[in-house]
Amino acid sequence: CPCRCSYLSWDDYFMAVAFLSAQRSKDPNKQVGACIVDRNNVICGIGYNGFPRGCPDSKLPWAKKSRRGDPLDTKYPYVCHAEMNAILNKNGASVEGAKVFVTMFPCNECAKLMIQVG
């Protein structure tokens, strides 16, 4: 066969897509990406961590700790995780039996979301 023999595996390819999508995050401390892939190796959803659509990045806090001790002065109440965004961006595609490639270990809430969605 005249075709190339050394190319990315599907898993390496989809993990690279997750890492590439993480580069869209504006979070100065942590950039996370996620890629959902169905049983036929078709990408169903991609996401990265950031504030919700329509929320101005310059108006919400990116801080990890509040100087005054107020949790609303931190990013945590506002940021949508990469896994959540990938699920929300799947546009109705079935993800039953799908794989999720994430650049960091999912938190408990995102793990529950992934289980619930299939």
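Note: Cβ is positioned from N, Cα and C throughout, glycine not excepted.
Database features (TrEMBL):
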- GLU83: active site, proton donor (ACT_SITE)
- HIS81, CYS107, CYS110: Zn(2+) binding site (BINDING)
- 9-118: domain 'CMP/dCMP-type deaminase' (DOMAIN)
**Prompt:** In sequence order, what residues of the same chain, 6+ apart, have a Cβ less than 8 Å from the Cβ of GLU83 (active site, proton donor)?
**Reply:** ALA34, GLY47, VAL100, VAL102, PRO106, CYS110, LEU113, MET114
**Prompt:** What is the average pLDDT across the domain 'CMP/dCMP-type deaminase' (9-118)?
**Reply:** 95
**Request:** Restricting to the same chain and to sequence separations of six or more, state which residues have a Cβ under 8 Å from that of CYS107 (Zn(2+) binding site).
**Result:** HIS81
**Asked** When the domain 'CMP/dCMP-type deaminase' (9-118) is classified with DSSP, how many of its residues are helical, how many are strand and how many are coil?
**Response** 33 helix, 17 strand, 60 coil
**Asked** Near the Zn(2+) site, what residues other than HIS81, CYS107, CYS110 in the same chain have a C-beta no further than 8 Å from the centroid of the listed C-beta atoms?
**Response** ALA82, GLU83, MET84, PRO106, ASN108, GLU109, ALA111, LEU113
